[in-house]
Each structure stands twice: as C-alpha cells, then as structure tokens.
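Enquirer: Would you mind keeping the following structure in view while I ask a few things?
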Amino acid sequence: MKKISVLIIDDSALIRKLLTEIINARPDMEVIGAAPDPIVAREMIRTLNPDVLTLDVEMPKMDGLEFLEKLMRLRPMPVVMVSTLTERGSEVTFRALELGAVDFVAKPKMDIRNSLEAYTDEITGKIRTASTARIHRLEPVASNGAASGSIVQMPRHHGISTEKLIIIGASTGGTEAIKDVLIHLPPDCPGILITQHMPEGFTRSFAERLDRLCKIRVKEAEGGERVLPGHAYLAPGHSHLLLKKSGANYVTELSQTDPVNRHRPSVDVLFQSAAHCAGKNAVGVILTGMGKDGAAGMLDMHHAGAYNLAQDETSCVVFGMPKEAITLGAVDEIVPLQDMARRILARLVGAGKQAVRV
C-alpha cells in the first residue's frame, strides 16, 4: 500500500524534526520533505508532489495565509495547519479553514518535545483524514469572511414552540459547515446546541467569530445557561456539552467525564442527552467529519422522535460521520450544505418538500 506522503512547512527546525519523527514512525505515512518557509516549499511541491502539507501559520518571507490562498487557487491540495494558541493565532487558523485548509492542530507552547509527542495520535490522525478529504479550488470570497446568501426567514403563518431545539454535531470541515448553516438562520430561530471537535483554547474564539458573522447570538457554553431562542451554545474544547431540563426550561450542562469515541467534547454525548430531554422537539443535524461519533446518539434521537438531517456526500469535506449515521438508519433526510438552514427551519414548522428521504 502506498504511504501518505507529507511535506512539512515550518520555520522552526525543532518542529520540523519532531514532526518528521512522529510521522515517519507511522507505517502508513512518510515525510518526503521539510521546508523552512513557503518560498522553498513551492519548488518542493512541484518536484515532490506530496499528498498532504502541514503548514505553520506564521512564517518569515511569506505569510502562511498568503501562501495557502495562492495554493488553493492554483494547486488545491490537503493542508493541515499548525497553529499557536493565541488570539491572533486562532483568528488566523479560522481564516485558513475558510481558505480551504482541511484541519488544524495546536502548536504546543511549553516543553515542546514532550507535548508534541503526546499529540502523535491527533497529528497523524488528521494527516490521514486530510489525505482522503474532498478539496475544492478556492473561489473569491467576501473580504469579511462572511458566507454568501441571505437569511432564511421564519414562515410567519407557522408558530414554532419555544420547546423546539436544533442540535448540531460536526468534526473535520465542520467549522466552515457550521458557519454556513448558522449564518443563514434568523434571530427568531429556536435555541441551538453544537458540538464541534476542536482543541481547548480555540472554541471560544470560534464562538466569538460566529457571533460576529451571524444574526443569532453565538457563545461558548459555560454550563447552567438557559437555552434561549436565537442563541447557539458551542461545546468548549475541554468538556462534553449536554442538554438538561430544569423545570420548564432547557439548560446546558458541561461534563469532564472520559472521552467518548476518543473525543471530548463528543457528539454522541450531546445527541444522547437531546434524545433523553427533548425527544420529538429536537431537530438533529450531523455535518462533515471523520469517524462515527454522533451516529449512535443520532439513532437515539431518531428513536425518541426527533427528525434528523445529514449533510450529503458531495458537500462534505469528509463523509464519515454522516455516512455512519445514515448506515445506522438514524437519518430522515440527506441535504446539501447550501440547503441545510432552509430544511432545518422548514422541518421545524412542518413545511416544505423534503429533499432526499432515506
């Protein structure tokens, strides 16, 4: 079997050496080159034709974002970003995902050798996922990063109970998919709970970014909040997010119990809590991502009476989690990403023609 070929682009010689050691220790992948900056990397990409790049966010000679944008316009290929856990680092990372990077890993700040080696499974797993990801040529985007398209309006002749909820789970490619859904939702939509696989330290910045772009309010969940219409609550990178009932109200709860499906936060944990607390009042949404997290929980939601939607294969970066949920029989409707917001709202009011019925 052909090994996944990886080109490392990082201005730190130590990081290049450590990443090379980690990647070459895996039997299914190998480093075929390492460049200190994008200028050197350009020629190596032409001559070596790697399957995946790892790209440092901030480098001399050419900014990582500038290089990524040119790459995705001229020669689209799978890229995993290596990012610092700073406010600027996280903002640059989310811009990189907008430009077409498949995923990112955090660059450790202290005791680099030990902490980076602890990331071995994460780094190699994301390289493996990136090698199979669906990559699109970058098209021109708005300078503010906002997605195109208008807000989907709630039909005025249909009332939506305040009991209704939207429950979303995603992984690889999910930051852009979640943005593309939320940015089209009106401020009077039902409350939303979201689990996106993301390292601790990035979820707050992600929530703040969504809050700036969307008509609804978006925040990192703190636990104990009442779930309000027009508000979305994002699982923090260190905790599972659960839906609970407190009297007549829905509230959020955080848990630091063991990872589920190797993830904390886990989509299964959120979906299972929604099945228990919300039942038929929930609409479940599973978006792009590698693995099976969320499939079993979505089946629980289905059995509890929820209506579930899955992102279709064509619009997914990685058609893993949606495929697993579909295979289990947990999904009621398969929807292209560009139609997801409309279909969610149509289902909540019981209106509209179904897209692809499973």
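Any Cβ shown, glycine's included, is placed from N, Cα and C.
Swiss-Prot feature annotations, pasted as is:
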DOMAIN    5-122  domain 'Response regulatory'
MOD_RES   ASP56  4-aspartylphosphate
DOMAIN    159-351  domain 'CheB-type methylesterase'
ACT_SITE  SER171  active site
ACT_SITE  HIS197  active site
ACT_SITE  ASP293  active site
Enquirer: For ASP293 (active site), just count the other CB atoms lying within 10 A of its CB, please.
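Expert: That number is 30.
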Enquirer: Please report the Cα separation of ASP293 (active site) and SER171 (active site) in Å, rounded to an integer.
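Expert: That separation, Cα to Cα, works out to 9 Å.
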Enquirer: Looking only at C-alpha atoms, tell me how far HIS197 (active site) is from the residue listed as '4-aspartylphosphate', rounded to the nearest Å.
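Expert: Rounded to a whole number, the Cα-Cα distance is 21 Å.
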Enquirer: Given a separation of at least six residues and a C-beta threshold under 8 Å, show me what packs close to SER171 (active site) in the same chain.
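Expert: For SER171 (active site), the qualifying residues are GLN196, HIS197, HIS263, VAL267, THR288, GLY289, MET290, GLY291, ASP293, VAL318, GLY320, MET321.
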Enquirer: Look up ASP293 (active site) in the DSSP assignment and report helix, strand or coil.
Expert: coil
Enquirer: Please compare the recorded positions ASP56, HIS197 by how many other CB atoms fall within 10 Å of each one's CB, and tell me which has the fewest.
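Expert: Each of the recorded positions ASP56, HIS197 was scored; lowest Cβ tally within 10 Å is ASP56.
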Enquirer: Go ahead and report the DSSP secondary structure tallies for the domain 'Response regulatory' (5-122): helix first, then strand, then coil.
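Expert: For the domain 'Response regulatory' (5-122), the helix, strand and coil counts are 57 helix, 26 strand, 35 coil.
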Enquirer: When the pLDDT values for the domain 'CheB-type methylesterase' (159-351) are averaged, what is the result?
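Expert: Mean per-residue confidence for the domain 'CheB-type methylesterase' (159-351): 95 out of 100.
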